[in-house]
Amino acid sequence: SKLAALFEHPLYNIPIPKVTEKDKLFVVNPMEKFSLRSSGSDEWVSSSKAETLLPTGKTAYDTYPAWLKFHVGINRYELYPRQDPLMPTLLRDLATKRIVSSVQKSGGTQLKLIMTFPNYGQALFKPMKQTRDQETPIDAFYFSDFERHNAEIAAFHLDRILDFRRIPPVSGRLVNITKEIRDITTDKKLAKTFFISPAGNVCFYGECSYYCSTEHALCGKPDHLEGSMAALLPDKTLAKRRSWRSPWRRSYHKSKKAEWELNPNYCTQVRETPPYDRGHRLLDLIDMTVLDFLMGNMDRHHYETFEKFGNDTFLLHLDNGRGFGTHSRDEPSILAPLQQCCSIKKSTYLRLQLLATQPYRLSDLLQEALAADPLAPILAKPHLQALDRRLGKVLVVVGRCLAG
């Protein structure tokens, strides 16, 4: 296994700093009693309303469901550990656990569902919108592109191979629209959007600001539909998150350009602006830039951090559904932060160099990682080949910075 060999490599065994109690997202107090919220939202609340506690009651850690162990394990330095023995269980739960509730997630431009399991774990379901080999039309704007379920799955594994580990675990799943959505939903608005198509397939379209209409309905075959299931992060009432606008955000306008597209010295002013003026925030953002360029994601307008850790923590790489839309062309503007700042973490650069060598070729590693997913194959071959080409381009940019 190339993947096993990669994770054995010294570059993937650089220790993280010692994790103290204050570096953990949650402090587990075994004496605390917990109960379920009566609102029917399946969220846990503490009897003392203490935000930093989790619903562990008096049970031993070994008895926690996988999603709860995942939440307990989050710390200042990583969303989950490199050699995480929990990961196979968590991914299997996302793919196979019985779904007891499906409701539409509010907000966002496209249809997403929150699915709940009997052990109170929850996942974000993004349904399949297009086939693996459909490319985003060349004249389509990035902000009107479909979100792709397979991009969410591939992004999780790519992020892990790059050793960022900032995307929550995602698994593919074949869902029965009738039994696992329509028959069990308590969401009245969603329930009203189900219909049977002329071909006899079960369809629905939900309510959202784009693509929620009979023309964009999601239809099963006759009621089976692929989708991505992403483990949800801890509820914001338990672990507040801060949303940051990316300094290299696009204009989201058909003809206007953003300042960074017009000013070649833009990075100078970013470096003088908190939180980019100290610590490793700018370098973390450049890590995210590399991830986005490799998968062709132009839609990174915001990112999030856990509020508890202040500015000295990793960025969460959420919402990756607009990645892997094209393989025949690359989007050099995604690399603007790297090109304009000419900065990258040494550890990231060394890993990228490693992933460009034959024994650890990035496309091979991602193909191996994705082969274990229930919906495999996740990416069409040209997308995997594009990764190696794009990795070469990242290394050229860094090489120019080093030479300059």
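The backbone N, Cα and C atoms fix where each Cβ goes, and this holds for glycine too.
Remember, it's a predicted structure, so these values are computed and weren't measured experimentally.
Record features (TrEMBL):
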ACT_SITE  ASP299  active site
BINDING   GLN110, LYS126, GLU147, ALA230, ALA231, LEU232, LEU233, GLU304, ASP319  ATP binding site
BINDING   GLU147, ASP319  Mn(2+) binding site
DOMAIN    194-402  domain 'FAM20 C-terminal'
Between LEU233 (ATP binding site) and ASP299 (active site), the C-alpha gap once rounded to whole angstrom: 21
Pairwise CA distance, ASP299 (active site) versus GLN110 (ATP binding site), rounded so that it is a whole Å: 14
Cβ-based isolation winner (fewest other Cβ atoms within 10 Å) among the recorded positions GLU147, ASP299, ASP319: ASP299
Binding-site residues (ALA231, LEU233), the one with most neighbouring Cβ atoms at 10 Å: ALA231
Farthest-apart CA atoms of GLN110, LYS126, GLU147, ALA230, ALA231, LEU232, LEU233, GLU304, ASP319, residues recorded for ATP, distance in Å: 20
Proximal but sequence-remote residues of the same chain as GLN110 (ATP binding site) (Cβ under 8 Å, at least 6 apart): LYS126, LYS129, PHE146, GLU147, CYS208, TYR210, TYR211, CYS212, GLY321
The domain 'FAM20 C-terminal' (194-402) [mean pLDDT, rounded to integer]: 95
